[in-house]
Amino acid sequence: MRPLMKSFSHIALICLILIKNTGESKHLPSYHMDSLEDNMTAKERFISDVRALIKRHMQENEINNLHLENDNNAFGKKEGTNSMFDKPIAPAHVPTPVLVENWPTVPHSLGQISAVSIDTEGNPVIFHRADRYWDASTFNASNVFHMIEDGPIKEKTIYVLDPKTGAITSGWGNDLFYMPHGLTIDVHGNYWITDVAMHQAFKFKPYEEKPLLVVGKRFRPGSSVKHLCKPTSIAVATTGEFFIADGYCNHRVLKFNAAGRLLRTIPQPPEFLSLQVPHAITLLENLDLLCIADRENMRVVCPKAGLKSSQGEGLPAATIQEPDFGRVFGVAAYGNIVYAVNGPTSMLPVRGFTLDPSSESIIGHWGDFKSPHSVAVSANGSALYVTEIGANHQTNLIWKYILV
């Protein structure tokens, strides 16, 4: 572990030097990637510079570790292990996301894109907030939405995109939602939606105004089994069972049968699992795991989903937590692996991660983002999409990756 300690000592030294020179920010190296640089405060510029230096340092360490792995293999080290940290090497068949440049071909002007999912025809579908922005004044101290009298968002909040060009092909969801958050499309084409302002989760047939199923009480936050409080995400099994991440206030996940009857609360005694803002959830049905982006705990935890049997429910969850992970905002399963995105966290790089729940490890890094909020992978593994929430329509973005 000495090389690791030395690495973090170098980072600490860099931070001290930069802190000393914060007042002379014009002399700091610049790694900024967009036009927002001109509007940055000295503090924001400092944090951005340190984040870039840490990212570069991590990349150099990854290259050095790769050389060490090659040297160890040459001297008879067992294949698939790393002599320094015993960290699993990514299996050759795990797809790596590669950015599709200039997609969408025509830029969109959208509100905060809180979620992305993929329909049964392979089209990316986004859920956005139009002219609504979530800030410190949006809710009161009791989590009650402040703008109920403004009514639902007038604009269409759900748009279907062409996977080749990114152009909008159709849309719906106007006059229905107040503060969009989560969107999941199941294998039957049903849309599962969470609205943090309404404190409700819904199941819709596409383009219909009346939901098939509703969980939670309209505009009434609460912690009982009949209430939700700012729910964030939904995961739906092929069996029809579904899970709701009851996210910002109750810090729990609720499991229901296909008819909407509550089956289980995660965590529940004697389950030793503390969640702090379960921000997104995804199912790995082959492994019978539910993976949770445990945002404020800066980790992904994967308890047993209990789809095959109740055996294993309540046992310690598989946990992926690394120093470079940061606050995890989005997770999406593909086969037995999980793709995740973190969000702004102190001075850590903001990027994508490839996770292996079986070995409880990060096996890959990809992407370079500002403020990602959700991620989705197509069922056939042909594409991955990431959405970002920005401060204006120019920074509310969707990115497309191919998996190679």
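Quick reminder: no glycine exception, Cβ is built from N, Cα and C everywhere.
What TrEMBL says about this one:
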- 1-25: signal peptide (SIGNAL)
- Arg129, Tyr248, Arg295: protein binding site (BINDING)
- 216-259: repeat 'NHL' (REPEAT)
- Cys229-Cys249: disulfide bond (DISULFID)
- Cys291-Cys302: disulfide bond (DISULFID)
Quick check: of the binding-site residues listed here (Arg129, Tyr248, Arg295), which one has the Cα closest to that of Cys302 (disulfide bond)? Arg295
Tertiary contacts of the repeat 'NHL' (216-259), as residues 6+ beyond its ends and Cβ separation under 8 Å: 115, 139, 142-145, 148, 181-182, 184, 186-187, 190, 192-201, 265-267, 274-283, 285, 290, 292-293, 305-307
Binding-site residues near Cys229 (disulfide bond): from Arg129, Tyr248, Arg295, Cα within 10 Å gives Tyr248
I'd like the per-state residue tally for the repeat 'NHL' (216-259) from DSSP, helix first, then strand, then coil. 0 helix, 16 strand, 28 coil
Measure between the Cα atoms of every pair in Arg129, Tyr248, Arg295, the residues the record assigns to protein, and report the largest value in Å, rounded to a whole number. 21
Which one of these disulfide-bonded residues has the most other Cβ atoms within 10 Å of its own Cβ: Cys229, Cys249, Cys291, Cys302? Cys291
Cys249 (disulfide bond) to Arg295 (protein binding site): how many Å between their Cα atoms? 13
What average pLDDT is reported by the model for the repeat 'NHL' (216-259)? 97
Cβ neighbour count within 10 Å of Arg129 (protein binding site): 23
Listed in sequence order, the residues of the same chain lying six or more positions from Tyr248 (protein binding site) whose CB sits under 8 Å from its CB are Asn143, Val196, Cys229, Lys230, Thr232, Val277
